[in-house]
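Going by Swiss-Prot, these are the annotated features:
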- ARG65, SER66, GLY67, ASN78, THR82, ILE83, ASP84, LYS92: substrate binding site (BINDING)
Amino acid sequence: MLKVKIVRLNKQAFLPVYATRHAAGMDVSACLEAPVVVAPGSAELIATGLAIELPEGYEAQLRPRSGLALRNLISLPNSPATIDADYRGEVKVILVNHGRDPFKVSHGDRIAQMVVARVEQVSFVEVDTLGDTERGEGGFGHTGMGQG
């Protein structure tokens, strides 16, 4: 198992945890002195009280929690949010409220998932043409909405 260094910037912060044995993402919790209300149609930056040190060649992705998305229309507008291996600041989560009702975030609420994944940097090779494929330049919606 990969070891990732983590610092509690606030002693009240909760460490990320896997909710189940085979979970891909760890639940990330809010670390707040007072509740934050995310008004309908707005976004708020939520502190976690944590900083991490990822190994070179890895990133952490912050993703919405499916239950918050389904029940409250709460998501992350920059999902997946990327935490680079060289970032050492506090992990914060942008929550956006797509719903009609204000959404209150309290200390300890699980607000996002964190997935740690390998990444590879690339170097681009500029060419005049690209190889042909069956798909070609077919873009958004090119396969239609029909049944499987």
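Every residue, even glycine, has its Cβ placed from backbone N, Cα and C.
Following the DSSP three-state reduction, the secondary structure of SER66 (substrate binding site) is helix.
Largest CA to CA distance in the substrate binding set (ARG65, SER66, GLY67, ASN78, THR82, ILE83, ASP84, LYS92): 26 Å, whole number. Long-range Cβ proximity for SER66 (substrate binding site), meaning a same-chain Cβ under 8 A and a gap of 6 or more residues, is found for none.
DSSP assigns THR82 (substrate binding site) to a strand.
Counting only same-chain residues at least 6 apart in sequence, those with a Cβ under 8 Å from the Cβ of ASP84 (substrate binding site) are LEU54, GLU59.
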